[in-house]
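Per Swiss-Prot, the features are as follows:
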- Gly14, Ile15, Gly16, Lys17, Thr18, Val19, Asp56, Glu117, Gly118, Val119, Gly120, Asn177, Glu178: ATP binding site (BINDING)
- Thr18, Asp56, Glu117: Mg(2+) binding site (BINDING)
- Lys39: active site (ACT_SITE)
- Ser43: substrate binding site (BINDING)
Amino acid sequence: MQFPAFYVTGTDTGIGKTVASTALLHAVRARGHTAVGMKPVASGCVATPQGWHNEDALALQAASQPQPDYATLNPYALPAALAPELAAADVGVSLSLVPLQLAFAQLRAQAEVVVVEGVGGWAAPLSAQLDQADLVRTLQLPVVLVVGVRLGCINHARLTAAAIAADGLRCIGWIANEIDPQMERIEDNIRMLGQRLAMPCWGRIPWRPNAQAEGLAQHIRLPE
C-alpha cells in the first residue's frame, strides 16, 4: 500500500467522513492488507458499561481488521455533542497530542494501514491550543479530503484544499460523497471538482442511505 496511514478530513460536519473512512478500510482489506481505523477525538458519545463510546468510532472499529481496543482507537471520547474544545471543557479534560501519538503508534504496530478520521471540517479546532493541522503534522500524515456533494461543494472543497496546503500539509486524494439525492447537475459538479482539485479522485460514493460499508468499498479507487 502506497500510503500506510492517512488522515480523513471533510468539507464540513455531517458530510460522510465515517462513511468514506469505513469504505476505505474495507477497500484496503479487500487488497489483502490489515487495516484499522482511528478516531482521535470524538464528541457526542454515549455511556456504555465499557465507558463513553461514539457511534462513528464504533463503526471504524467494526470495519477494522484486526479490531483494536476501543480506548486505543478513540483516546478522547467526550459526552457532549459539541465542538471538541467545548465538549472537553464540560468534563474538565485538556486535550494533548501525547496520548494521541501513543495510541497511533500502537495502531501502526497492529496493522499495515491506519485510517485516521478527523472531526468536523478541516478548520474545526481540537482545543484552544490545537488545530487538526497540529495533529496531522505531529503524526506525519497525508490527508484525504471527503467532499459532501451538495450545493456549494465546489467552494467548500477548494477552500478546504487551499487551507490544507496553507498549513503545509499534503492532500493526496479526494472522495466525492453524494449526500443530497435532490441535487441538480450532480455530474457537472463532480466534473468541475475534478478539474479544480489538484489531487486524484479516490472514488465516488453514491447516495445509499442504508448501504453497508463493505458494499461501498467497491466505489473506492485506491492508488496503486
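Counting begins at 1 with the first residue displayed.
Glycine is treated like the rest: Cβ placed from N, Cα and C.
The binding-site residues recorded for this entry are Gly14, Gly16, Glu178, and the Cα of Gly16 lies nearest to that of Glu117 (Mg(2+) binding site).
Fewest other C-beta atoms within 10 Å: among the binding-site residues Gly14, Gly118, Gly120, that description fits Gly14. All protein chains shown were included, and the count of other CB atoms within 10 Å of the CB of Lys39 (active site) stands at 27. The Cβ centroid of Thr18, Asp56, Glu117 marks the Mg(2+) site; residues of that chain outside this set whose Cβ lies within 8 Å of it are Val8, Lys17, Ser21, Thr22, Gly37, Lys39, Ala42, Ala57, Ala59, Leu60, given in sequence order. Classification of Glu117 (Mg(2+) binding site) by DSSP places it within a strand.
There are 20 other Cβ atoms within 10 Å of the Cβ belonging to Glu178 (ATP binding site). A strand conformation is recorded for Glu178 (ATP binding site) in the three-state DSSP classification. Pairwise Cα distances among Gly14, Ile15, Gly16, Lys17, Thr18, Val19, Asp56, Glu117, Gly118, Val119, Gly120, Asn177, Glu178, the recorded ATP-binding residues, top out at 19 Å. Between Gly16 (ATP binding site) and the residue listed as 'substrate binding site', the C-alpha separation comes to 16 Å. Most other Cβ atoms within 10 A: among the binding-site residues Asp56, Glu117, that distinction falls to Glu117. Ser43 (substrate binding site) is 10 Å away from Gly120 (ATP binding site) when you measure Cα to Cα. Using Cα positions, the member of the binding-site residues Thr18, Gly118, Glu178 nearest to Lys39 (active site) is identified as Gly118.
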